[in-house]
Amino acid sequence: MVGETSYDVVVIGGGPVGENAADYAIRGSDRTAAIVEHELLGGECSYWACMPSKALLGPGNALGEARSLGGSRERASASNPEPSGVLEWRDTVTGRLDDSSAHRGGATHDDAGQVRWANGAGIEVIRGHGRLVGEKQVRVGDQLLTAREAVVIATGSTASVPPIPGLREALPWTSRDATNILEIPERVVVLGGGVVACEAATWLLDLGVRGLVMAIRGDRLLPRMEPFAGERVADALRARGADLRFGTTIEAVDRPDATGSGYGRLHGGPAVVRLTGDGAGELTVDEILVAAGRSPATTDVGLDALGLTAEGPLGVDDHLTVPGHPWLYSVGDVNGRNALTHMGKYQARVAGDVIAARAEGRELDDIRYVAGSDHAAVPQVVFTRPEISSVGLTREQAADAGIDVRVAEGEISVAGSYLLGPDYSGYASVVVDATRDVLLGATFVGPQTGELVHSATVAIVGEVPLARLWHAVPSYPTVSEVWLRLLDQLR
Ligand SMILES: Cc1cc2nc3c(=O)[nH]c(=O)nc-3n(C[C@H](O)[C@H](O)[C@H](O)COP(=O)(O)OP(=O)(O)OC[C@H]3O[C@@H](n4cnc5c(N)ncnc54)[C@H](O)[C@@H]3O)c2cc1C
Ligand SMILES: NC(=O)c1ccc[n+]([C@@H]2O[C@H](COP(=O)([O-])OP(=O)(O)OC[C@H]3O[C@@H](n4cnc5c(N)ncnc54)[C@H](O)[C@@H]3O)[C@@H](O)[C@H]2O)c1
């Protein structure tokens, strides 16, 4: 027998993005919302991605900073953080449950805090797998949920494992294992040269992995960023002993005794990995980490019930609405726009405002209803050592878009950077629209540059003319004074 319940808004997927969409759609109104979640409320980001990865990277960064100044250096004698302390900190940040969690129904992490937040915001949490079964109708087990106003798809993405002979059979690690690492392999091959690969390589080295090989298909790390960003990370990883092989991929894998031992544990004995391309060769490793991108989670959401394709991203217009279905929204990783938590949450705020406006019969005649930053002002911080932050277009992307640009760039060498350490090394560049004289993009590499990027984001979104930006005075002595060096070049 099927029970039927109705809400104003039903969200499928309770990651950071789904949570925000539900919240903004009902905030300050008497509308009701339910989030359907088949795993943990808080999603990939809280337990398997952003939070554990940044927790794993924190101690190594803190140690690096302490070791860069006389006085603290003498007190921080080890070059690597203490592994068990790092894992404990990661477990604290993610609410990881110990292995005796069978009595909790096999849950891996505690999401009670997230559920309390949702209930406090007036959102009901429904545990189970959600599927669309018709217009405004979602089935969860034997329950039928009817949405009066909107259904929001916020199902996120899953790690892609390329169809390489023997790879899937070898049960390789994905980012879920690397972030929830419990057993530290001695020898690892990482497939990929993107953000996950670079950050994971950094914390694997921190934790004591000694034989780390990266198989990178292209000719540089972090290919969507300015080339100097990937070059500096490559230099740092090499200096710590990593073997970076560009123009290389895995051709075949043989792991005779692969076993599904759970997230973060070694998935069997050694594997023989054959590399092809410029760095061809054969390796024996204790684990393989696949960091080869992600696929939008659209395959089992019932999109076919609406005649929509269940492959690839669920695309949307700038109101985050699926074309032809004005009650259906798609936000976060699943829509294929930008696979970043903060951009997904931005989309969720816009979608929530759009749902509220449509429910109240208001026109969508304001920029708050348009997710314009998705196209031109996407910031990102990569928490490697050195840290990288970027926003907007690179020089190459601007050229591809046919925009005439001016570029200012140089070493970060100001009083604020020297005070972080006499050997401070960093680099920055800005890309400027030569016709409109406004910023299009910025990239910063170096310790503590993650906090610089928001200033560039504000300048891009605000379309601040350079002549006006000159009057935004950075404080002395901070790393932000690099802005003066860059703007000086453009006067
Ligand atoms: C290792 C790693 C590190 C990262 N670090 C960062 C970072 O530092 N900063 C950053 O901005 N981004 C980072 N990201 C990207 C970030 O994790 C994602 O962009 C973000 O999690 C997307 O949020 P989401 O809510 O769209 O999807 P998710 O977080 O994937 O949540 C989707 C939720 O939907 C649930 N679900 C799926 N299908 C169904 C269904 N049919 N029924 C019910 N529930 C369902 C899932 O269980 C999940 O809880 C990282 C990614 C990885 C892999
Ligand atoms: N700090 C952050 O903001 C952060 C951290 C981690 C992840 N993320 C986001 O999560 C998403 C996923 O990250 P990712 O690094 O997995 O994806 P990605 O798309 O950034 O990188 C994937 C890499 O794998 C390579 N690759 C794919 N197939 C391959 C093959 N068969 N052989 C060799 N190389 C292959 C690609 O060339 C690419 O370099 C990204 O959108 C990223 O921005 C963000």
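Using the three backbone atoms N, Cα and C, a Cβ is placed for every residue, glycine included.
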Item checked: Annotated stretch (region 'Disordered', per TrEMBL) among the listed ranges 66-87, 88-109 -> 66-87
Note to self: For the NAD(+) site that TrEMBL describes with Gly192, Gly193, Gly194, Val195, Val196, Ala197, Cys198, Glu199, which of these is also annotated: Gly281, Gly293, Gly302?
What the structure shows: Gly293
Next item on the list: Could you look at Gly28, Gly130, Gly307 and say which one TrEMBL places alongside Lys54, Thr155, Gly156, Ser157, Asp333 in the FAD site?
Entry: Gly130
Check: Can you list which of these recorded positions (Cys45, Lys54, Gly130, Gly156, Ser157) have a Cβ closer than 6 Å to ligand 2?
Finding: none
Margin query: List, in residue order, those recorded positions out of Cys45, Cys198, Gly293 with a Cβ under 6 Å from any atom belonging to ligand 1.
Written below: Cys45
Note to self: Using other CB atoms within 10 angstroms as the count, which residue among the recorded positions Cys50, Cys198 scores least?
What the structure shows: Cys50
Checklist line | DSSP-assigned states of the region 'Disordered' (66-87) in counts, ordered helix, strand, coil | finding: 9 helix, 0 strand, 13 coil
Check: Listing them in sequence order, which of the binding-site residues Gly156, Gly194, Cys198, Gly293 have their Cα within 10 Å of that of Cys50 (disulfide bond)?
Finding: none
Check: Residues with Cβ closer than 8 Å to the Cβ of Lys54 (FAD binding site), same chain and 6+ apart in sequence?
Finding: Val93, Phe383
Notebook entry, point to check: Largest pairwise Cα distance, Å, within the listed FAD binders Lys54, Gly130, Thr155, Gly156, Ser157, Asp333?
Noted result: 30
Note to self: Please identify which of Gly130, Gly156, Gly194 has the densest Cβ environment, defined as other Cβ atoms within 10 Å, among these binding-site residues.
What the structure shows: Gly130
